[in-house]
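Working notes, structure below.
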Amino acid sequence: MASPDDLKFQEFEEATDLLSSNPGASTLSVSSPGAAASSGDVRVDLSDEEDNQEESSELLGGEKQTGGFWTFEYYQSFFNVDTMQVLDRIKGSVMPLPGRNFVKHHIRNNPDLYGPFWICVTLVFSVAISGDLFTFLNEMGDPGFHYRPQFNKVSIAAVTVFLYAWLVPLGVWGFLTWRQSVERHISGYTFLETVCVYGYSLFIYIPASILWTIPINWLEWLLIIIALVISGSVLVMTFWPAVRDDTRLTAFATMAVIVSLHALLAVGFKLYFFKTPTYTGSSHSGQQTSPATNHTTLAAEKVST
């Protein structure tokens, strides 16, 4: 059994060595509670630590703040996404599920311009190059055809795609903002969220434009319809919850305009960049009509004589 002396606090050699090496170190004696309470030498001052915590929190808060729109940091926040987020949003745009709002399930209060920008750039070159290749494949059997790269199609595609990806979302966002001021119960999206939805909805046209090079007319229109249904579904399931609480006429008219403009873009791609050449048969008709013209001339000469 332990003796009472074994249960008392004792001084150890290590503590003695530490005190001898640093005589000015503060010590705390816990031999008796009364002595600790009465001793005025030992104080715990946390004011310095609190000040340091406040300074660190201010620094962290300053890192999250962005500058004005003229600074680089302001636009850097629009590209603050990783590869997995971009791939998830692309997947959501090509496989829309009923009842899944693209903004709430994929953007989640973090809209970006990185994905929409590169989707638009890729679509510009995809449509222009595929359209040029489509023309070459259709005219390849004509001996009088001489291939010339049509670089002007790149400029036309760029103007068309970027104007659509910016002006149409601007109009939709402005209309929803105006309806929010008129009808308080109507929800809406920010301009950046609207641009993000439209940008990702255009991704399906990239593989579709590559398949449009197949010179089969009915297959091209079928691919256009499939791409339009997939892409239009993303827009409908995103903007319908924002306008369904409006008047019935306004809600259906808004969705009809959104889908019609989207369809106009797809049909415009087909009619301009992938236009099937029409053969008038002028060379063949010239060879066929020349003998008839000769016979008519000979007959007229015989009648006159």
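Every residue, even glycine, has its Cβ placed from backbone N, Cα and C.
Taken verbatim from TrEMBL:
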COMPBIAS  18-28  compositional bias 'Polar residues'
COMPBIAS  29-40  compositional bias 'Low complexity'
COMPBIAS  47-57  compositional bias 'Acidic residues'
DOMAIN    94-266  domain 'Yip1'
REGION    13-61  region 'Disordered'
TRANSMEM  113-134  transmembrane segment
TRANSMEM  154-176  transmembrane segment
TRANSMEM  188-212  transmembrane segment
TRANSMEM  218-240  transmembrane segment
TRANSMEM  252-273  transmembrane segment
Among 113-134, 218-240, 252-273, point out the range having the most Cβ pairs under 8 angstroms from the transmembrane segment (188-212). 113-134
I need to check the long-range neighbours of the transmembrane segment (252-273): which residues 6 or more away from its ends have a CB within less than 8 Å of a CB in the stretch? 127-128, 130-131, 134, 153, 156-157, 160, 164, 168, 172, 175, 201, 205, 209, 212, 220-221, 224, 227-228, 231-232, 235-236, 239-240, 243, 246
Reported mean pLDDT - the domain 'Yip1' (94-266): 89
Please give the sequence-distant neighbours of the transmembrane segment (113-134): residues at least 6 beyond its ends with Cβ less than 8 Å from one of its Cβ atoms. 78-79, 81, 86, 89-90, 149-150, 153-154, 156-158, 161-162, 165, 192, 195-196, 198-200, 202-203, 205-206, 209-210, 212-213, 215, 269, 272-274
